[in-house]
Amino acid sequence: MSGQLPSSMVALPRQGIIILTYVLAALELTCLFMQFSIIPYLSRTLGLDSVSFGYLQTTFGVLQLLGGPVFGRFADQRGARAALTLSFLAASALYLLLVASCSPALPGVFLLFASRLPAALMHTLPAAQMVITDLTAPTKRPTALSRLGLCFGIGVIFGSLLGGTLSTAYGIQCPAFLAFVVTLLGAVLSFTCIPVTTKEASVQSAHQGGTSVFDLKAISRLLLLPRVLPVFLVKVISGFPSGLFMVMFSIISMDFFQLEAAQAGYLMSFFGILQMMIQGLVIGRLSTRFPEEALLRSSVLVFAVVGLGMALMSNVFHFCLLLPGLVFSLCALNIVTDSMLTKAVSASDTGTMLGLCASVHPLTRTVGPTLGGLLYRSYGVSILGHVQLMVNLLVLLVLWKKPLSQKGDKAR
């Protein structure tokens, strides 16, 4: 990683920029999960029924799905500083509208739906992944990306805890206002401390005077590269069944596991702690000892085993036994595929590639509630396990018959 980075207003060494990026990601994710913890209660307070709440969630997912690739291309062309600053400013706008929707004197339902609009530009995590990808050597990339799991775990645990505690003690608008202040601070830190670009000068010049940020042909060309499409399809197909289960988890925890709200919160905290441990500590070490394709196959295999367990489970204790395997598979699949995909494209396109990767989860959130709800109502929880088992056995068979080649140079 030779070459000089364009200066920021506050000079930081390369390692300092990476650490600050982790901090910014943790702050944004904490605010995001604070929002997730109050949205159901705010919706109920404003009189939304379950159908309207579903529309609200779908709107958020669709906007993030559409915005991810475009934001990634913007990050490649305009640099890390502009991308992170824009993401935090969009988040600030979302939380400000959320605060306004809590006021009885204002049209709350309209403002609540309007607060979803900035979600199209809220992509701090992909921007952070781009910074880390640009500033680390390819051999160290999986370990560096896996440390973002610690940030995610911090967001799940502290965001959910703060959201519930503050809304109970000071009102439902308090977490939203705190998130507004924190994301404004994140925008200031991004603008003053993050370099204009984290790409080297020779790489950044490839985008100067190039095509538009909204050039969908350039985005689709990247996705159709020979070493990109197979890995991306594995990422989408293998993770989709577990995504269906996670989308339906709030319903499953109430109906199937018979959990109270507090008990479901404890289970989510357990999930967050496991994710911190596995993604932050386990995956990084495994990536230094085993090839990425071996880790990818192992994640698909564990997905299949967990799917079998889900098909047979009958209570929450069984699910707790399956949870470490589920979290391992989710973490390994996401980290390994992100690393493989960024290595498969040129350094000038890493942001766009990570933006495409970031669209996978919103895709599940968009399609999942309808499909998952239909399967769950018709066949029960076991069908979600059977789908996960069969899909991942099929993916594993394809990977076994036709391995993903890791040879050759990056796409230029």
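Keep in mind that glycine also has a Cβ here, set from the backbone N, Cα and C atoms.
Predicted, not measured: the structure shown is a model, and the values here were computed from it.
As annotated in Swiss-Prot, transmembrane segment covers the listed stretch 232-252 rather than the other ranges in 211-231, 232-252. Of the candidate ranges 51-71, 72-92, Swiss-Prot annotates residues 51-71 with the feature transmembrane segment.
Non-local neighbours of the transmembrane segment (176-196) in the same chain are 5-10, 12, 17, 20-21, 24, 27-28, 30-31, 34-35, 38, 79-82, 84-85, 87-89, 91-92, 95-96, 98-99, 102, 124, 131, 162, 166; each lies 6+ residues outside the stretch with a CB under 8 Å from one of its CB atoms. Beyond its flanks by at least six residues, the transmembrane segment (117-137) meets 1, 14, 17-18, 21-22, 24-25, 28-29, 32, 60, 63-64, 66-68, 71-72, 75-76, 80, 83-84, 86-91, 93-94, 97, 144-145, 148, 151-152, 186, 194, 198-199, 338, 342, 347, 350-351, 354-355, 357-358 of its own chain at Cβ-Cβ distances under 8 Å. Counted as Cβ pairs under 8 Å, contacts with the transmembrane segment (316-336) are highest for 264-284 among 51-71, 148-168, 264-284, 380-400.
For the transmembrane segment (294-314), the list of distant contacts is 234, 238-239, 241-242, 245, 283, 286-287, 321-322, 325-326, 328-329, 332-333, 336-337, 340, 381-393, 395-396, 399-400, 404: same-chain residues at least six beyond its ends, Cβ to Cβ under 8 Å.
Counting Cβ pairs under 8 Å that are 6 or more residues apart, the transmembrane segment (232-252) and the transmembrane segment (16-36) reach fewer than 3 and are not in contact. The transmembrane segment (264-284) and the transmembrane segment (380-400) are not in contact, since fewer than 3 Cβ pairs between them lie under 8 Å (pairs 6 or more apart in sequence).
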